[in-house]
Amino acid sequence: MQIYLPIAEVSVNIFLILGMGGGVGFLSGLFGVGGGFLMTPLLIFIGIPPAVAVATEANQIVASSVSGVLAHWKRGNVDVKMGVMLLIGGVIGSTLGVWLFTILKELGQIDLVIKVSYVVFLGIIGSVMFVESLRTMMHRQKQAAPRRRVHNWMHGLPLKMRFHRSRLYISVIPTLMIGVVVGILSAIMGVGGGFIMVPAMIYLLGMPTAVVVGTSLFQIIFVTANVTILQAVNNFAVDVVLALLLLAGGVIGAQFGAKAGAKLHGEQLRVLLAVMVLGVCGKIGFDLLITPVDVFSIGPVGGH
Amino acid sequence: MLLFGISTAHGEDLAIDLSHNEVAITTAFSGTDLLLFGATDQNKKSDIIVVVRGPKGKEIVRHKEHVMGLWINSGEMEFVGVPDFYTVASSRPLNEILPEDVLKREQIGAHRLVFSPIAGTTMGPEKQAAYHEALLRNKRRQGLYATDIGDVTFVGVNLFRTTLHFPAAVPVGDYRIETYLVRDDKIVTRHETEMRVHKIGVEEEIYNFAHQQAWAYGILAIIVAGLAGWVANAIFRKA
């Protein structure tokens with residue numbers, strides 16, 4: 001059954017979109033990630049204009065983050081103060097990102113920048129995660145992973161602030177910087193940025209793992225909401241019909257994913273996730289390298 | 001809704017009728033066919049050419065080059081007066097009906113369309129031709145410029161009909177359908193009909209809302225997403 005998307009202006013199969021939402025939802029429930037890094041490339045792949053894919057996925061992530069954060073909120077796993085600091089950076093970053101997005105679109109380079117960003121970030125994160133989790137799997141019997149306490153150059157920075165929930169007394173500068181970087185990526189790549197923020201919070205800020213996911217989801221809600229509004233105003237690229245379809249599939253998929261995830265070990269999950277991240281990275285990278293079907297492409301001037 | 005028009009440019013009548021004078025894009029829209037039929041008032045053997053032209057706009061053509069191993073957009077050219085959509089139907093192959101110079105003058109057949117590059121281009125004519133050719137090729141690949149000439153069939157000597165196909169990706173706007181009555185290598189009569197392609201119902205409302213009240217639309221999109229997330233969480237807990 002075909003459905004015509006009012007903003008994307010393409011006709012798509014309704015079951016394909018629901019299925020994609022379900023599949024990515026399953027994986028996000030399984031691995032505890034947002035899934036934006038999988039969904040945005042998939043949407044572009046089935047013919048949704050890249051600008052619409054990025055903007056609509058931001059809107060969908062608002063929903064999945066709200067759904068996710070509520071569970072963490074109940075268990076007290078959200079460091080609101082840390083979240084707000086990340087958010088201040090995030091709002092600056094995402095506003096900057098949407099502005100960059102609009103300029104790059106006019107220059108005809110947005111597709112390239114989206115793809116290169118994917119290859120670079122997924123490549124780095126995927127490799128680090130793969131190596132790290134393999135190492136943990138090998139040494140699992142010998143020792144439990146030590147709690148990471150970082151003492152590095154960041155502790156010499158001014159503007160120190162106490163974060164009770166995270167049991168940290170650190171400068172807000174690295175926190176704001178992480179927020180800005182993730183905000184820019186969120187606007188350009190159509191992702192929540194959890195896959196970058198979570199490792200950054202653990203390894204750079206030294207936050208306890210328990211509060212990391214809840215705090216990251218809390219912050220992602222507001223950053224993706226900012227991206228949604230700015231994309232709607234600047235690029236008219238948010239398709240609510242598409243977002244709702246993805247959401248419907250995603251909710252059901254995430255439920256099954258979370259159940260399946262409970263049966264697997266953390267390291268096994270991480271290796272699987274790493275393989276998947278590297279797979280997406282490889283596919284996008286390959287497409288940049290092979291000779292295109294037509295070296296010429298066309299597009300309307302102004303608007304999408 | 002029927003549209004009826006008579007044209008008497010050279011003293012010879014040509015009556016044209018369309019099954020609909022609009023293409024309405026609904027939620028379930030996946031392309032549609034319009035039936036065009038018409039009649040001439042003389043019992044002489046003649047030929048018919050039907051040309052559908054979509055609204056004209058600017059189009060940018062980009063050229064990828066191999067830079068440091070990657071394929072990167074590195075050249076571009078803007079054209080004005082490019083129809084968003086173009087298709088032709090005729091009763092016989094075009095070059096058997098009309099001489100090439102007439103076809104060129106009337107821009108009948110996608111490869112005879114004339115677009116002007118935007119003023120100030122410094123590209124040589126060869127490069128311009130490559131971009132022009134690329135524009136046509138991409139439009140054809142997107143299904144917006146017909147690759148084949150459709151059939152106009154005669155029922156008797158002076159009654160004819162043809163089916164005009166509009167794909168799912170048909171652009172919205174005002175369309176012009178030109179019907180040419182041709183005899184002895186000459187255009188005897190030309191008839192012009194207007195037609196509209198537009199979104200209706202929910203499609204139209206969402207589109208207009210998104211474009212006219214972008215702030216409200218963005219905020220509403222977030223509220224809807226937030227509520228959906230909250231409902232999802234409530235269902236999760238019970239399950």
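Cβ atoms are placed via backbone N, Cα and C, with glycine included.
Among the features that TrEMBL reports, transmembrane segment is placed at A:12-31 (among others).
What TrEMBL records for A:37-55 (among others) is transmembrane segment.
Here TrEMBL flags A:84-104 (among others) as transmembrane segment.
The transmembrane segment annotation in TrEMBL covers A:116-134 (among others).
Per TrEMBL, transmembrane segment is recorded for A:168-196 (among others).
Same-chain neighbours of the transmembrane segment (A:202-224): 32, 34, 58-59, 61-62, 65-66, 68-69, 72-73, 75, 77-80, 82-83, 86-87, 90-91, 93-94, 147-150, 154, 165-168, 170, 174-175, 178-179, 182-183, 186, 192-194, counting only residues six or more beyond its ends whose CB sits under 8 Å from a CB of the stretch. What TrEMBL lists as transmembrane segment is A:202-224 (among others).
Taken from TrEMBL, the feature transmembrane segment applies to A:236-257 (among others).
Among the features that TrEMBL reports, transmembrane segment is placed at A:269-290 (among others).
Stretch with the largest number of CB pairs closer than 8 A to the transmembrane segment (A:168-196), among A:12-31, A:37-55, A:84-104, A:116-134: A:84-104.
The stretch from A:12-31, A:84-104, A:116-134, A:236-257 that makes the most Cβ contacts under 8 Å with the transmembrane segment (A:269-290) is A:116-134.
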